[in-house]
Amino acid sequence: MSNLDRQATPSVCGGRGFVVAEPVRELLAPRRVQLGESTEVRRLLPNLGRRMVGAWAFVDHYGPDDIADEPGMQVPPHPHMGLQTVSWLHDGEVLHRDSLGSLQTVRPRELGLMTSGRAISHSEESPKEHARFLHGAQLWVALPDAHRHVEPHFQHHVDLPVVTAPGLSATVILGELDGAASPGTAYTPIVGADLSLTGGAETRLPLDPDFEYAVLSMSGEAEVDGVPVLPGSMLYLGCGRTELPLRAVSDAGLMLLGGEPFEEELVMFWNFIARSGEEIAQARNDWEKGSRFGEVRGYDGARLSAPPLPTTPLKPRGRVR
Ligand code: MN
């Protein structure tokens, strides 16, 4: 998915300064963002209160939307740099095309993992024949400096490891959870997991005390460390935890996001993650003149143009504002 915010402003984040070293329970409210004509998403990261969780730098939750009589998701070709995109669905399907020639339908509980490295472009759309409901999350992972210029690549994994406990089924999307590792390529110590809880379940999830964590609610009624988290909200949990108490009032779907706090300061603008305003300006310029990011073939429509760069210089603001 693309950041379609026309008033895109650059932001600087990363660094250990604002990582909470001990367990906390900090509820992050979503910001509603309109994507195209028919899709509204709830943006959890970056958030007024927090910009990153580990290397997770962008989290949108969308749906469930009834798109039976609608085109559904229609995100025209757009570029990425310095990040990975993770497509994760609970309902429906997304057709991914990219400048490497990938053409892949991603279905519920399959991992669509695109590593932009130095440059890639892609489009995402609901196929013409699609399921009635569309429900999912779109996430970005910041690449560390040592790997941010890697060759772009796209991975699709349908067979992800699952960790189970009574009332809990946890699919490991990225990184490692309780000894089970995702086949998706990760460049920093990280975890992303889909937690499916049955109503009435009470369980504890093993965590790494060196990681910081957050839990996004996708559906149902659940309590995370005693805090009710409604669908479309995210609870930031800080570091220093060895386990996480979970309780499901009804059947519930959650996403656990965590990782080693991201040490490097980085600059985010539109669909780019860089280390300086100059790099951002160069990438924007390259996309606008049609170089470096390749070409997406087969998408029925025009590609996105980049929003204007702001006239004000970048101001480092850290991991929280
Ligand atoms: Mn995208």
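Each Cβ is built from the backbone N, Cα and C atoms, and glycine gets one as well.
As the structure is a computational prediction, the values presented were derived from the model and not from experiment.
Annotated features, as they stand in TrEMBL:
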BINDING   H78, H80, H122, E124  Fe cation binding site
DOMAIN    41-141  domain 'Pirin N-terminal'
DOMAIN    193-293  domain 'Pirin C-terminal'
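Residues within less than 8 Å, Cβ to Cβ, of H122 (Fe cation binding site) and separated from it by at least 6 positions along the same chain comprise P77, H78, H80, T85, H96, R97, D98, S99, S102, M114, V296. The local packing around H80 (Fe cation binding site), expressed as other Cβ atoms within 10 Å of its Cβ over all shown chains, amounts to 27. When Cβ atoms from all protein chains are considered, those within 10 Å of E124 (Fe cation binding site) total 24, not counting its own.
Within the domain 'Pirin N-terminal' (41-141), the DSSP-based counts of helix, strand and coil residues read 0 helix, 63 strand, 38 coil.
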